[in-house]
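> Submitted below is the structure of interest, expressed as structure tokens.
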Amino acid sequence: MELYRQIYDPFSNIWLSAFVAALPIFLFFASLVVLKLKGYVAAFLTVSLSLIIAIIVYKMPIAIAVMSFFQGFFTGLWPIAWIILTAIFLYKLSVKSGYFETLKASITTITPDHRVQVVIIALCFGTFLEGAIGFGAPVAITAALLVGLGLNPLHAAGFCMIANTAPAAFGAVGIPIVAMAQTTGIDENILSMMVGRMLPIITLSVPFFIVFLMDGFKGIKQTFLPLCVVASSYTVVQYLTASILGPQLADITSSVFSIAITVVFLKFYKIKNIYRLDGKTNFDNDKKINIKDILKAWSPFIYLIIFIVIWTTPIIKTFASFADITFYLPYLKDSIIQTVPLSLDEEPVNTAYTFQAIKAIGLAILLAGICTIFTLKIKANIAVDAAKETFKEMFMPIVTIGLVVAYAFIAKNSAQAATMGLALANTGGEAFAFFSPVIGWVGVFLTGSVTSSNLLFGTLQQVTASQLNIPEIIFLAANTVGGMAGKMISPQSIAVACAAVGLVGRESELLKFTLKYSIIYIVVGGIITWVILNLFPMLIPVIVS
């Protein structure tokens, strides 16, 4: 069997090697932003260049490189595309049933102000979905909801991607933290505590930032108290949960508590200057909605929450695992060897592909859709039309997602991603405190996942901290915090968001919208890391051996 020992510095100059490894990224940005190519074309060019670099520069055997492509492409199809397909199908059922108008009206009874509605849906509801599902579904569902409320599709997708930074560290029941803890041998609760101490400035800012983008400082002034309630309740509960209970429930508790306290607050506090995208100013004559219709209108998402909770319980996970099928594509089993400093010793990269027939959360979303059909008495032909529309609209986005994830796997397996991370780690000393989150940012751009970034660069952060004689926990946490900002520009996230709001082929517009804000947040993350390390070291938990 042919082996591939990863090469991290093919040119014996880490910065030159990193430049070559980054060429596919430059090509992706140029294809979207400068040439304004469609997302699937940009993704195809990117993955093609990455394959060429892997084979020619990194001396990766052709068979292993090609199989890495297929491993990534299949992962993009299942579970990621499967989750997005079912999420969009559920949304279409809600719209075609006619009850979506009732849902919009029920949100107006909380507050008619679109600025606060966007914050509640994109941040609070999105955080719940991120904490339970992950994999891009939160952005897809919340962005589609915002478009239904009347938002410009580009803004709806952009706001939801910005909002998705806040919960990303604890997404999918804390998997990013748990995965890094398992990789590095650090207690997950200590790591969760450190991440929780780094996040408050970022999470507090998100609601205000979204409203600022919608309506400037005037909007913040007019909604200041509701935003304070949302931001403070969300941030405090997320911090306490992450610090006391660990990473698994930080998103769930913060979102539920924030929604509840904000709804109660808005029952007593009325915003004087209502901001509406439709120009509506008088709500006194709105038809009163009975509780039965409200429950029906929200039933798709009530079912979604119920099935997600069921699917994430340990007993169901264990039961569903019996249907998992794990296998290796040809030439991949134990054929890629990771070496120092990416691992503490030589060890094979895990290249197994697991087909989760039941455990994949897409089935839970599909069951929510089936229950919705019966509850809202949607005719069979309408449900079939919704399914056909979903497949037709999502075909090219699915191809794009597959190509993007394929690039991520080629970059990971060939060590192109590791080369870029090592170059940043080479900054050394106090400078690395600032660049440590940037490694996580790059990792999420490459892989589309905070979890994957933590798995990819966790050991690198740990080894670098040891060499610099700095507590490793802060760099491990910084990798996660940086990854959150990377979600805004990840090609995978861009493809999912565009598919959800009907912007297929216009990915360049969304990337241009989110890129500058992603850079702002990664700079803030770097500053937070540097300040804690140099000015407030007492915030770094002590790890007892």
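Heads up, the Cβ atoms here are built off N, Cα and C, so glycines get one too.
According to TrEMBL, the transmembrane segment annotation covers 12-34, 40-58, 70-91, 156-178, 190-212, 224-246, 252-269, 301-323, 353-374, 394-411, 431-457, 519-544 (among others).
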> Of the listed stretches (40-58, 190-212, 224-246, 394-411, 519-544), which one yields the highest count of Cβ-Cβ distances below 8 Å with the transmembrane segment (70-91)?
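Out of the listed stretches, 394-411 contacts the transmembrane segment (70-91) most.
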> Does the chain bring the transmembrane segment (40-58) near the transmembrane segment (431-457), so that three or more CB pairs sit under 8 Å (pairs 6 or more apart in sequence)?
no
> When you scan the chain for residues with a C-beta under 8 Å from the transmembrane segment (353-374), skipping those not six or more beyond its ends, what do you find?
71, 74-75, 78-79, 82-83, 85-87, 89-90, 93-94, 97, 132-133, 135, 137, 299-301, 303-304, 306-308, 310-311, 317, 319-321, 323-329, 383
> Taking contact to mean 3 or more CB pairs closer than 8 A (sequence separation of 6 or more), are the transmembrane segment (156-178) and the transmembrane segment (12-34) in contact?
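By the criterion, they do not touch.
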> The transmembrane segment (394-411): which same-chain residues, six or more beyond its ends, come within Cβ distance under 8 Å?
21, 24, 38-40, 43-44, 46-47, 50-51, 54, 65, 68-77, 80-81, 84-85, 88, 417, 446-448, 452, 491-492, 495-496, 498-499, 504-505, 507
> Which sequence-distant residues neighbour the transmembrane segment (301-323)? Criterion: at least 6 residues beyond either end, Cβ under 8 Å.
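The answer is 90, 94, 128-129, 132-133, 141, 173, 295, 356-359, 361, 363-365, 367-368, 371-372, 375.
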> Given the cut-off of 8 Å on Cβ pairs that are 6 or more apart in sequence, determine whether the transmembrane segment (519-544) and the transmembrane segment (190-212) share at least 3 such pairs.
yes
> For the transmembrane segment (12-34), could you work out the same-chain residues 6 or more beyond its ends whose Cβ comes under 8 Å from its Cβ atoms?
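Distant contacts of the transmembrane segment (12-34): 41-43, 45-47, 49-50, 53, 57, 407, 411, 416-417, 419-420, 422-423, 426, 445-446, 491, 507-508, 511-512, 515.
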